[in-house]
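Data block below; observations after.
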Amino acid sequence: MKPSLFLTALCLGIASAAPKLDQNLDADWYKWKATHGRLYGMNEEGWRRAVWEKNMKMIELHNQEYSQGKHGFSMAMNAFGDMTNEEFRQVMNGFQNQKHKKGKVFHESLVLEVPKSVDWREKGYVTAVKNQGQCGSCWAFSATGALEGQMFRKTGKLVSLSEQNLVDCSRPQGNQGCNGGLMDNAFQYVKDNGGLDTEESYPYLGRETNSCTYKPECSAANDTGFVDIPQREKALMKAVATVGPISVAIDAGHSSFQFYKSGIYYDPDCSSKDLDHGVLVVGYGFEGTDSNSSKFWIVKNSWGPEWGWNGYVKMAKDQNNHCGISTAASYPTV
């Protein structure tokens with residue numbers, strides 16, 4: 001995100017007329033601020049409160065409709081409550097939607113049958129949910145997640161890998177640190193570099209350091225390249241079932257996703273082409289007794305465990321590539 005964009009949005013808010021606030025929400029506002037450690041200047045407090053109230057009322061309306069069966073998922077107030085949707089998209093979503101296919105191609109014809117449900121968390125392939133903070137580094141978290149899974153598949157050891165290593169060091173491959181990147185570029189960096197450090201040795205800072213401090217002796221992963229999956233959900237399903245967790249990009253720019261809490265996420269406005277957020281598919285499944293209905297992808301996000309379904313989201317599966325989940329899927333080869 002460019003700081004000037006944030007400042008512009010902020011200044012526009014401050015310059016507007018003083019908003020009329022709902023005093024009935026005072027206690028909720030003070031509790032939310034305390035929970036998330038928010039401190040504002042005198043001029044900013046009213047504007048942020050107004051944004052928060054607008055988001056709160058939108059969430060309440062959605063959940064009323066959810067209780068009436070009009071939606072398949074619920075929403076909840078969270079750490080993004082004082083952000084406009086425009087700010088949210090600028091700060092949190094850092095996938096660069098300009099994929100240049102350079103990897104091998106996944107051959108789905110070699111896979112005949114797959115299970116009706118898969119969850120690689122149950123097999124030890126997936127680390128705990130992480131938090132990218134206010135840095136557009138989603139691509140790095142998606143990439144480490146896929147590489148962590150493949151290294152576990154190869155070695156039987158699950159080691160948390162360093163997103164900061166990717167943020168600091170993969171600019172020559174085309175990534176832009178906190179201003180966005182591509183998972184395939186990250187996989188290419190690991191191959192070119194000959195390794196990727198552990199999270200423990202190269203901890204995440206949530207900002208750019210303008211200095212690459214990779215230490216070969218602390219490397220815990222390597223790859224030989226990457227595989228791009230054909231842009232079909234059936235191909236993605238076969239890859240998830242047979243390979244492990246898969247890096248994908250989605251359209252995550254909607255308020256409904258910003259405040260997602262539980263259930264199967266489906267928003268008719270979600271695009272299959274305008275992708276802005278890198279995440280990790282760790283499995284798939286279905287709700288109820290009919291495996292042909294209420295199907296979902298199990299998606300690991302990088303906004304902390306308090307967001308959504310303990311840091312995850314169930315995304316509608318086999319609904320015309322909803323939110324573009326199969327548009328830019330890939331995984332590293334190790």
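Cβ from N, Cα, C; glycine included.
For Cys169, the cysteine that Swiss-Prot lists as its disulphide partner among Cys135, Cys212, Cys218, Cys270 is Cys212. The disulfide entry in Swiss-Prot for Cys178 points, among Cys135, Cys218, Cys270, to Cys135. The recorded positions in question are His254, His277, and the one with the fewest Cβ neighbours inside 10 Å is His254. Spatially, by CA atoms, the recorded positions Glu122, Cys169, His254, Asp274, Asp276 include one closest to Glu163 (Zn(2+) 2 binding site), and that is Cys169. Between the alpha carbons (Cα) of His254 (Zn(2+) 5 binding site) and Cys135 (disulfide bond) lies a span of roughly 18 Å. Checking Cα-Cα distances from Asn301 (active site) against the recorded positions (Cys138, Cys178, Asn222, Asp251) with a 10 Å cut-off leaves Cys138, in sequence order.
Candidate recorded positions: Glu122, Cys169, Asp251. Nearest to Cys138 (active site) by Cα distance: Asp251. Ranking the recorded positions Cys138, Cys169 by the number of CB atoms within 10 A of their own CB puts Cys138 at the top.
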